[in-house]
Amino acid sequence: MKFAEHLSAHITPEWRKQYIQYEAFKDMLYSAQDQAPSVEVTDEDTVKRYFAKFEEKFFQTCEKELAKINTFYSEKLAEAQRRFATLQNELQSSLDAQRESIGVTTLRQRRKPVFHLSHEERVQHRNIKDLKLAFSEFYLSLILLQNYQNLNFTGFRKILKKHDKILETSRGADWRVGHVEVAPFYTCKKINQLISETEAVVTNELEDGDRQKAMKRLRVPPLGAAQPAPAWTTFRVGLFCGIFIVLNITLVLAAVFKLETDRTVWPLIRIYRGGFLLIEFLFLLGINTYGWRQAGVNHVLIFELNPRNNLSHQHLFEIAGFLGILWCLSLLACFFAPISVVPIYVYPLALYGFMVFFLINPTKTFYYKSRFWLLKLLFRVFTAPFHKVGFADFWLADQLNSLSVILMDLEYMICFYSFELKWDENKSLLPNDLQEPEFCHRYTYGVRAIVQCIPAWLRFIQCLRRYRDTKRAFPHLVNAGKYSTTFFTVTFAALYSTHKERQHSDTMVFLYLWVVFCAISSCYTLIWDLKMDWGLFDKNAGENTFLREEIVYPQKAYYYCAIIEDVILRFAWTIQISITATAFQPHVGDIIATVFAPLEVFRRFVWNFFRLENEHLNNCGEFRAVRDISVAPLNADDQTLLEQMMDQEDGVRNRQKNRSWKYNQSISLRRPRLASQSKARDTKVLIEDTDDEANT
């Protein structure tokens, strides 16, 4: 592998601009070689003056790059030293507190089941667990800095060697010896000392002297490009996808020859449509993950996942393919229920029951850590007013907004099985003979409208919570206003539907209101998508017309196509309303929903690429490459006090003499920011534990 490719594959994406600009140096050298005057047509002195002038410019550029690298390395090293001191202090405080409360001196003697601990002991136990996670993440940051040191030195050595080869001189080697090999970023060995001290602290204080266990916790994943998936995972992905395609063809043929009446078809479609959308979402999320990795968008950091243990795109494809096979088999079983001894209504229950069990399975199998992380995240989303909202929280809530049809189909399935299903009919999903046919598919009692509003409500209260935490009306209250338009849209759609069924005279009034609020909502969300979520239409875009100053994906056409796609699908409701308002055939609304629901999932798939790109560029602007792990978050008063104590000679070590903390927990491990340094973005999100159990 050429060094340029090696460098590109191994850099820390958030620090990209702080590395040696190796490609730019190569271009300088090759350009100088191509533009050099020929000895055959000019005298030798002219050629020498040309190369002397070029070398002067070249080495000036090298000096600027070297100064940039020295400065960045020194800043990051100083930050690491401060953080290590804070971590050591917090560890000592936690250990001292445990010794005082429990009366023992070693971690091993203190270990007992968590449910036997008092409240104070639980807090201390949690602090130790958080400290293990914080040291693990800190160790990763040290390895990244060490990698930065090695890559830049190798880059200088390679480019100066190339300089000497092209110009047939030894001045490049002399410059390396006189400048690079004595540069602080190369001669400073404190990073190696910090790595050794961190390993020693974790081994002796947190893992009872078990170095093997400590190094397993501190293990850093390969820093290069994405590692190839295990062969069996790749095999299963191919196998599942192949079977899924064959089963889909079989489904189409079976649907043509087996389905007879609308009374049988539409309950099946409504019940199985949500499962298909979920499978589509998982598959497209796998493509998202692959695209992020290829483009260098650090989604692991953005979602604050465990960098040592998380799902790759191969795993997501595998899950989607496996669930897709089960979905096809379940639907085929319904088609052939007349020749089966199992009642037809069992198959949907078995399918969705398995999906739920797969998610909540308490055993440490089938991607236990990832499933548990998702469950915790779902809990945070549905209890949004009671937690600080991070990026992963509102990202998942945004996904739910595009998957609202799944919630509506789930509500329909529960209602259908509870009130409409004819249980004595084992061969088809026939509704019973109610006075109101298809009772569960109507807005009559408002339940469907409420269910349809749930995802927008979750984002609405998340925005209010973020406003409460930050006191910034923009963007949080403005964003809440965007989601509130969904409430009006759904309300007037429901009123129009019910009034149309009952042939009320004011039906058209609700149709016009529905159209007006759909237009307002679409314009609002479209502008927010392009300007706020994607960061496009930046006035400083320069040559990236209508985009932003810096873009990650290689082709500008991707951005322009995404803009057009977002405009079209944001206003796809115009087709839906036009057909719904003019058609008199039954089930037109079902047909429209079945067609447009997968398109909305696709729109969200495209949205994900550019939303995470924007967040990634924010991280690059802050040079944030690892997670911010806190033992206990600081309130405003605590943070002010901490900053004052850091200015004192004693630092933070004697802080307990100055004040009794509101919470009997350790202070934040994160280096406190001044108000002028803070960003509007708050990305502290739920993280996975780094326990020793395997993910699979």
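Placement of Cβ uses the backbone N, Cα and C atoms for every residue, glycine included.
Per Swiss-Prot, the candidate among Arg442, Arg448, Arg570 that belongs to the phosphate site alongside Asp398, Asn401, Lys482, Tyr483, Arg603, Arg604 is Arg570. Placement of Leu95 and Glu543 with respect to the membrane, taken from Swiss-Prot, is on a common side. Swiss-Prot assigns the feature transmembrane segment to one of the listed ranges (132-162, 473-503), namely 473-503.
Helix, strand and coil counts under DSSP for the topological domain 'Cytoplasmic' (535-553) come to 0 helix, 0 strand, 19 coil. Within the same chain, residues 426-428 sit at least 6 positions outside the topological domain 'Extracellular' (338-343) and bring their C-beta atoms closer than 8 Å to a C-beta of that stretch. In the predicted model, the topological domain 'Cytoplasmic' (384-388) shows an average pLDDT of 90. Proximity of distant same-chain residues to the region 'Important for inositol polyphosphate binding' (158-165), defined by a Cβ-Cβ separation under 8 Å and at least 6 residues beyond the stretch ends, is recorded for 3, 20, 22, 25-26, 29, 58, 62, 171-173, 175-176, 180. Note on the region 'Important for inositol polyphosphate binding' (158-165): DSSP counts are 8 helix, 0 strand, 0 coil. Within the chain carrying the topological domain 'Extracellular' (423-429), a Cβ under 8 angstroms from the stretch's Cβ atoms is held by residues 264, 267-268, 271, 334, 337-338, 343-345, 416, all 6 or more beyond its ends.
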